[in-house]
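Engineer: This is the feature table in Swiss-Prot:
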type	residues	note
ACT_SITE	D114	active site, proton acceptor
BINDING	M1, G2, A3, F4, G5, L6, V7, K22	ATP binding site
DOMAIN	1-272	domain 'Protein kinase'
MOD_RES	Y146	phosphotyrosine
Amino acid sequence: MGAFGLVCSAKDQLTNQAVAVKKIMKPFSTPVLSKRTYRELKLLKHLRHENIISLSDIFISPLEDIYFVTELLGTDLHRLLTSRPLEKQFIQYFLYQILRGLKYIHSAGVVHRDLKPSNILVNENCDLKICDFGLARIQDPQVTGYVSTRYYRAPEIMLTWQKYDVEVDIWSAGCIFAEMLEGKPLFPGKDHVNQFSIITELLGTPPDDVIQTICSENTLRFVQPLPKRERQPLANKFKNAEPEAVDLLENMLVFDPRKRVRAEQALAHPYLAPYHDPTDEPIAEEKFDWSFNDADLPVDTWKIMMYSEILDYHNVDAAAQDAPESNGS
């Protein structure tokens with residue numbers, strides 16, 4: 001079961017390949033759900049990268065349920081982490097692919113916002129793909145409320161509830177990296193207050209300039225009286241990890257998002273040297289068009305837009321299949 005749909009495996013009778021089918025039930029029941037479904041479809045159409053789940057078909061049933069058909073990967077990182085400890089080379093390779101995907105996503109002007117092990121799919125060849133873009137948003141938005149799963153939520157989301165950018169995905173990736181190293185979640189908060197407390201136990205109290213960016217008076221009243229805590233060396237917690245792994249993690253789990261490492265910088269870190277190839281870490285050809293995102297439209301309008309996108313997808317797909325192959329003449 002996904003965030004707002006049911007996912008099952010099936011076989012494509014034309015290609016004989018296994019696929020995943022995500023059923024969005026009653027997508028036009030509310031404007032919010034209509035918009036979210038439209039956003040996910042637009043993103044899946046736009047984002048084309050080896051480390052991002054790819055859309056292979058989409059259709060609407062007579063009852064107006066929507067079906068996204070994507071490639072099928074055998075498992076996800078959450079299942080892998082709960083089944084056995086990961087060996088060093090797998091941790092490196094998985095982190096590399098996560099960051100390679102994030103570099104592309106961020107270059108398209110997109111923030112995933114809900115990166116967590118269950119949204120990271122893996123196949124038997126250890127190929128990794130990021131999925132579930134239902135919560136994705138434009139970079140640097142004015143947003144309200146909590147979005148991502150608590151354990152992987154960046155502190156600026158908890159502290160400000162207002163502005164955040166691509167760095168929230170780097171924090172989430174850092175939490176996932178730590179979980180791969182340790183075999184258990186790094187910050188398993190019971191609620192957002194407990195979550196923040198666990199983070200400060202390891203990373204210390206947020207710097208004053210970070211606290212000054214807090215927009216919510218309630219959050220300020222909670223944070224300012226807290227006792228000062230010093231940042232603990234991550235090497236003390238991750239005693240079995242390589243120094244280079246700990247150093248990269250230190251650069252990903254930074255309270256101040258402005259000082260957090262970017263995806264392309266993390267890819268160039270010595271820890272990922274066995275896989276890093278700057279000529280094979282592509283960025284998006286163009287930014288994603290977010291012009292629809294602030295629209296407050298009725299369900300019927302979202303429905304028309306959705307049907308238009310689906311028709312466009314099938315027309316483009318048919319044109320690509322009908323196009324004559326180049327013979328070099």
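Please read every residue number as a count from 1 along the shown chain.
Just so it is clear, glycine is given a Cβ too, placed from its N, Cα and C backbone atoms.
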Engineer: Sort out the sequence-distant neighbours of L6 (ATP binding site) for me: same chain, 6+ apart, CB within less than 8 Å of its CB, listed by position.
Structural biologist: K22, K23, M25
Engineer: Quick one: pull the CA-CA distance for D114 (active site, proton acceptor) versus V7 (ATP binding site), whole Å only.
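Structural biologist: Taking the Cα atoms only, D114 (active site, proton acceptor) lies 18 Å from V7 (ATP binding site).
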Engineer: Determine, from DSSP, whether the residue listed as 'active site, proton acceptor' sits in helix, strand or coil.
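Structural biologist: For the residue listed as 'active site, proton acceptor' - judged by DSSP and reduced to three states - the answer is coil.
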Engineer: According to DSSP, does V7 (ATP binding site) fall in a helix, a strand, or coil?
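Structural biologist: Looking at the DSSP assignment, V7 (ATP binding site) belongs to a strand.
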Engineer: Can you count the other CB atoms that lie within 10 A of the CB of K22 (ATP binding site)?
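Structural biologist: The answer is 22.
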Engineer: Average the pLDDT scores across the domain 'Protein kinase' (1-272) and report the rounded value.
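Structural biologist: The average pLDDT of the model in the domain 'Protein kinase' (1-272) works out to 87.
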Engineer: When the number of other CB atoms within 10 A of each residue's CB is tallied over all shown chains, which of the recorded positions V7, D114 has the maximum?
Structural biologist: D114
